[in-house]
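J.: The structure follows.
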Amino acid sequence: MDKIWRELGLTDEEYEKIISILGREPNITEIGMYSVMWSEHCAYKNSKPLLKYLPTKGERVIQGPGENAGVLDIGDNLAVVMKIESHNHPSAIEPYQGAATGVGGIIRDIFTMGARPIALLDSLRFGIPDDKRTKYLIENVVAGIADYGNCIGIPTVGGDTYFEESYKGNPLVNAMCVGIVEKDKIKKGIAKGIGNPVMIVGATTGRDGIGGASFASQELSEESEEKRPSVQVGDPFMEKLLLEACLELFETDAVVAIQDMGAAGLTSSSCEMASRGGVGMELDLDKVPLREKGMTPYEIMLSESQERMLVVVEKGKEEDVQKVFKKWGLNAATIGKITDDGMIRVIKEGKIVAEVPAKSLAEDAPQYIREEEVPKWQEDVNKLNINEVKPPEDMNKALKDVISSLNIASKEWIYSQYDYMVRTDTAITPGMDAAVVRIKGTKKAIALTTDCNGRYCYLDPYIGSQIAVAEAARNLCMVGAKPIGVTDCLNFGNPEKKEIYWQLKNSIFGIAKACETLQIPVVSGNVSLYNENEEGAIYPTPVIGMAGLIEDVSKICTMDFKKERDVIIILGENKGEIGGSEYLKVCFGMVKGQPPQIDLEEEKRLQELVLKLIDKGLINSSHDISEGGFAAALVESAISGKKGAKISLQTSLREDIELFSESPPRALITVSPEKVEEVLKIAYEYQVPAQKVGVVEGKKIAIEVNGKKIIDLPLEVLEESWRGRIKWEMERN
């Protein structure tokens, strides 16, 4: 056992701490249990001291961070349950199963709370698809998500995808799930009732995924390929049965507490439930249904076999549970009981093979406040002399290049593989500002989005993270939804490196600032660190998943142009910023400058204005202006509405900057001619600049700036560039 704890990811100091907790040397099973529970993946030991700065309270918050998922009150005795999680490391090694089990795990987090899952979203980051390995990762991640979601029958309605060099070999796969539950039927993972039986339900336990949580807490290296057994294998049909069986079980009064077995399997579900309830748990491993012979206590406690749950049952109700699971063709075995001594006691063949305090596993992991410093390259990348960037001679070509860039081009190649209409409640489908899902039996709907521009966060993690929150909220407002809650997935490199810790800290402070100002609480989330390989770290990528409430689904708005002669209006001010922009990268190969500055009070006014205009039925389309600036937003609205636009801009800015600056907060709206004056009047009341810039007409995009015609392109030419790019990249050799 020479220094085995080091191989499992524990430091010598952490090992000494375990000895002092137990008053003795731990055995191999106990070391394994601590190694997964004290891993970054389970314990958040590098991020917990920072996460406390996030605002988590609000009038709608029923359950904030600390449970399997966050819960928000949406009225009518209903609540929305939401959570996002990463499956980055497994997806880098075994992309199909890594992505599929990421989806499976997040779905379980939702129905564990008693909710029926109604929607999935995926936030994906890949390298540039110009080599075989990257294409292999993209194809298989997308297929894994599609197959799992499609088979289980939950629509994948939205998400976001970016391609940047920093994600090469280090893809990010963040899966978000949302469910609906009646408020009085919410379930929690708090074990109680001394003597109550503990049951394992669902699939059998095998050797897949052993040590997966520890694996997810390391940098990727050449050896990572050998860790394929650390990637779990998912079975969506089994999960569908488990989902229905659990929801049926919740209609009985048999369940005291329930938790899914995700990272760290039986170890985490037992110690977290026991710790929350201040009780202990005795587990007899001879009673666990196994799929492989000769499994050791270490393997059984650390297995991450999918589609399993741990349930604390009211004493005497075991048969009720078995009856439900038998009906669905699933296992339900009593493997232990609740005790009063706070210990997790593991028994095999009549002998105690592990005995540790539940609280020490779940709550006593050391927390680290790391040293930080501004990266040495930061000052250099933030310098941008605009005079070095010569305006392009051919603005038509510049526009085509920007809208066909990988980050702006249509993501149809990806989302067309997903079934986004299953359950028939999807009111706004992928490709718009936000997805919208109707809530059966009500007039309400939930709008959903995920957002984060990692390039902005690389240039300034504090500002970039504020923009991520602001853009997510703005996207929801564009469809007529009031933002109500955030679930965040913080993807960063190795926090033991001072410059990465600096990024993490500033990013969290940025999210906190934006959420406080916009009054949107963070109710759940996930942290994924050590996202780096031999090439270096990923861009800091704090993905913001956000939900918004629409009281009346008949009032939703979309970004597509609706009617010829509608007047096109820009809300908000263009401050002429091109640092970190798509234009700068695509047309000049530069990732430099400061990201656009954001005034959150201005953002708040713009969002409230758009919600007001949509509620009063004054606008026909609305689209946020972000990557690619006004020009990209205009083309997107035109393509999706199959109608052109004639634009005339007056500006003191350079032509290219006027078109491609990404200054927030801005929006592009269209208004019937007879309603224009009223819209401008209300915008003035909200102190939001509003400028008439043109009309919807014809089948081309024509733009003049200060009286000079600079863009004149048929819509079909633009559409071909925009729609075909990703498919073309994936199919060329």
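Cβ atoms here come from the backbone N, Cα and C positions, even for glycine.
Given the structure is predicted, the values throughout are model-derived calculations rather than measurements.
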J.: Besides Ser86, His87, Asn88, His89, Arg108, Glu304, Ser305, Gln306, Ser528, which of Gln232, Gln378, Gln417, Gln607 does Swiss-Prot list for that substrate site?
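T.: According to Swiss-Prot, the candidate sharing the substrate site with Ser86, His87, Asn88, His89, Arg108, Glu304, Ser305, Gln306, Ser528 is Gln232.
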J.: Besides Tyr44, Lys83, Asp488, which of Gly9, Gly114, Gly454, Gly525 does Swiss-Prot list for that ATP site?
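T.: As annotated by Swiss-Prot, Tyr44, Lys83, Asp488 share the ATP site with Gly525, chosen from Gly9, Gly114, Gly454, Gly525.
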J.: Restricting to the same chain and to sequence separations of six or more, state which residues have a Cβ under 8 Å from that of Gly525 (ATP binding site).
T.: Leu51, Pro65, Lys83, Ile84, Val486, Thr487, Asp488, Cys489, Leu490
J.: Other residues with Cβ within 8 Å of the Cβ centroid of Tyr44, Lys83, Asp488, Gly525 at the ATP site?
T.: Leu51, Pro65, Ile84, Glu85, Thr487, Cys489, Leu490, Val522, Ser524, Asn526, Val527
J.: Could you measure the widest C-alpha to C-alpha distance across Tyr44, Lys83, Asp488, Gly525, the residues recorded as binding ATP, and give it to a whole number of angstrom?
T.: 16
J.: Please give me the binding-site residues out of Tyr44, Asp109, Asp260, Asn526 that lie within 10 Å of Ser86 (substrate binding site), comparing Cα atoms only.
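T.: If one measures from the Cα of Ser86 (substrate binding site), the binding-site residues that come within 10 Å are Asn526.
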J.: In Å, rounded, how far does the Cα of Glu304 (substrate binding site) sit from the Cα of His41 (active site)?
T.: 13
J.: Roughly how many angstrom lie between the C-alpha atoms of Tyr44 (ATP binding site) and Asn88 (substrate binding site)?
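T.: Computed Cα spacing between Tyr44 (ATP binding site) and Asn88 (substrate binding site) is 16 Å.
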J.: Could you check which of the recorded positions Glu85, His87, Asp109, Asp260, Asn526 is the closest Cα neighbour of Gln306 (substrate binding site)?
T.: Asp260
